[in-house]
């Protein structure tokens, strides 16, 4: 396809958030014009794209009209109108990741069934249609009840510890999944291009914030036994191959205390757990996504420097116009890379940016060096409300 | 100043070319809004900035009106209206680099006098006002005759080998400079922030295209004797300090066959000879420029990987709408970074982009490895006219 990139080349992107914002500089390096559809007039991407269309990414007509004159369509969020994308694809517009892949991943029930049908290790589960159904499956407790659709960042997810909590469950199509007592949560980002070539980034270790169940920080590459890393890579490769998917796929996995590797969830787009690749790897996940969907050769994924990534979340008790505090202290540390997402307003726990920090080259123990730097960085850069 | 960055922060940038285009992603990471003034409706920056104003950067009123409501003004090209910037500065708008520095650097005559007054080693020269004046200075031949103002990329520069060529000289204020029979041409990029802190990037070796006298490719870091590198760094530090300048300064130097280091020219902005820093150094020259003018701590300049940078020039005999050939071959090579500038039309020798290639980590001889990769890359990516 690359030889047939006819300039000006119009890439349509559904979603204009921080993931798109980090994709745009990579598109500009290839002289690709990016047109963005997002409902938010203040979307982080708006100032940096060739054309911004304010509109719903879940409405058939809006997505279809937006997509008609594009050379290629991709997404930075999976909750989009798949029917419109399928129609565009039928009419000859290239759509990567493919609509059928998005449809499957949008529905946690279909996603789990896909793993089961393809013998991809995942937590035991049952599908439920009503809250009542839960009573027949108490043997799975403690468990997590997940809405089939529209769950995102912890929303639509309910922990069920004991049988007397079933009333907290969802009364609509969901999946009840046995709670995995995992040793570690890791993530593998895999890319597959239009030629079927596959490339894997080294696994990263996710450290979750126990309160908010969001990624607190991650360490890349993860310290893992050879066999665990190999199994994680095997599973990621198997999933993207079985999906016959083109693009970037983030595969989140549990490593159990007895050394099993189970897939948790996947995201068919650049992912929070791959932000460090911008500075720490030969190719970034954003460039890799573009290479994959444009039919270019995939880039090398080697680690240049061990790194940690810390999300910058809005301060508790602060809502309103954004003010950043401590930027000079953070930038005074060596090997620190600040990425602010340019959101006009902050609220508690909102993702406002991230910091990547690289290990000191001379450090005898990079992992420890990174842990220490993360502890120093925590709270150093604060996102507050200017009007408080 | 960093603690007093009040968001939204409006940075005004004079010039919207490729240097600005590479600066914009760094500004977005700091959530800085960049407003751009450029006469070209199709300026490479236009799709990627918060606001684009089409207008002359050399007209007093246009620059003054553009700058009035900005928090800070900077430039990506030195040929701007300095009087307007001085007026804005007098009215309290921060302007970095400072107007007086731009005024001095805009005029090659003032620049040479500055070196002389500050005992900064440079090629012997005399100032000339008319072509007739040249006859009194034939002892300097072979020499280069440079127009005092508006010379850029070889324009306004005339080689004078013999006395019988003096009629080729300029009949307006110029500087006649003895031709230096140099061993090597190198470049040092130095940054100085509002606190007077200074940081130097390792020297790079420039390899010029003998025909067009533009940088053909460069190798970073340059292989230099300790003493030469130290003298180059001393000169760069001396110049930015004596100029009392804030921002990035690219210092181009000659290394003579007898081991002297002489300053050739300087540019008070990110520079072609610093593009490799995007991938090859801890901090890029573009981030460093922003850190310097925003009063933030300067970033580390350490080399992460040895690199070479090759300019992508429009193919001879091709003018018109741009078509890129060989992108897939180039991106199939490991450690290659393509930067297209997104110019709508090409013409012979127009700077259309650049390629940075990094040395293979395992390579016993990185410099040789890079030389070979450059030879492979040459001609692999071709910028042709689509309508031919």
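Every residue, even glycine, has its Cβ placed from backbone N, Cα and C.
The annotation in TrEMBL ties A:146, A:177, A:178, A:179, A:180, A:185, A:264, A:265 to ATP, and of the candidates under consideration, A:108, A:325, A:329, the one tied to the same site is A:108. Taking the Cβ of residue A:265 (ATP binding site) as reference, residues of its chain lying under 8 Å away and at least six apart in sequence are, in sequence order, A:108, A:111, A:252. Within the same chain, residues at least 6 positions away in sequence whose Cβ sits under 8 Å from that of residue A:179 (ATP binding site) are A:123, A:141, A:142, A:143, A:144, A:159. According to DSSP, residue A:179 (ATP binding site) is assigned to coil rather than to any helix or strand.
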